[in-house]
Amino acid sequence: MELLPTIAAVRNYVAAARHRGLTIGLVPTMGYLHEGHLSLARAARQQNDVVIMSIFVNPTQFGPNEDFARYPRDLERDRELAAGAGVDAVFAPAVAEMYPAGYATYVHVEGLTEVLCGASRPGHFRGVTTVVSKLFNIVQPDRAYFGQKDYQQALVIKKMVRDLNFPVEIITIPTVREADGLALSSRNKYLTPEQRRSALSLHRALNLGSELIKAGEREAAAVRRAMEKEITAWPETRIDYIAISDAGTLKPLERIAGRVLLALAVWVGNTRLIDNVVLEVSD
Ligand code: PAF
């Protein structure tokens, strides 16, 4: 497996692959890989001739008081895991390679980025869409792979791709969970054993909300109240948001119908976790 530390090295690698008529799949990550990332890599392996994974903890998507500095990093381990999942090359640039001194250009998707995680993390999606645009321009992939756990991120990137005419197909892959239902996340590493138990409240609340809706509840406020009660019953939890929204527009719903997103962000101690589920709901 190749390690490509610079944009020039990626461009050479991609040019050689294109010269041979090969298709390219890109798996953008911030590293500290888990099964969720590896499921993206395996899907990319099946659908493309060449798989490139980027590993870059992107400073522009972290707020000033967020966990950029302490975000877990382990490139050696990541390289081995990526190779095992069929990745051909890892692009792992330094921050100065992506954002040299004087860097001043950002990509902003309006609307979809102003709610849910965008409301609690101002500037976050601007950082995501900027770095993903740069990665698309550098790698020029045929397909790019994103996890369903970051539902809003995938939706924002799809919108950006449509609006800016990027010639790339965005593929979303279902969330990978631990046996007890906790969604995999590199941030799970921050949790103490007690907090790890409380982190299950996200999955439990989503299950509870889904069950209520399946049983016929159509009032979003009632579903939200039940989910809130479930989460706050666990130690060290603090709700950032619980959204019951149209899965396409992210507009909040009062009455639950159609393709519905239940999404939440919850602080467990000092760790902010997110999870979601999408339901098809008949009237
Ligand atoms: O989902 C992530 O890990 C990041 O937001 C991404 C897409 C790699 C951009 O930095």
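Using the three backbone atoms N, Cα and C, a Cβ is placed for every residue, glycine included.
As recorded in TrEMBL:
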type	residues	note
BINDING	30-37, 147-150, Val176, 184-187	ATP binding site
ACT_SITE	His37	active site, proton donor
BINDING	Gln61, Gln153	(R)-pantoate binding site
BINDING	Gln61	beta-alanine binding site
Annotated binding-site residues Met30, Gln148, Val176, filtered by Cβ under 6 Å to ligand 1: Met30
Candidate nearest Gln61 ((R)-pantoate binding site) in space, where candidates are the binding-site residues Gly36, Val176, Ser186 and distance is Cα-Cα: Ser186
Binding-site residues (Gln148, Gln153), the one with most neighbouring Cβ atoms at 10 Å: Gln153
Cα-Cα distance linking the residue listed as 'active site, proton donor' and Met30 (ATP binding site), given in Å to the nearest integer: 10
Binding-site residues near His37 (active site, proton donor), in sequence order, restricted to Gln148, Gln153, Val176 and a 10 Å Cα cut-off: Val176
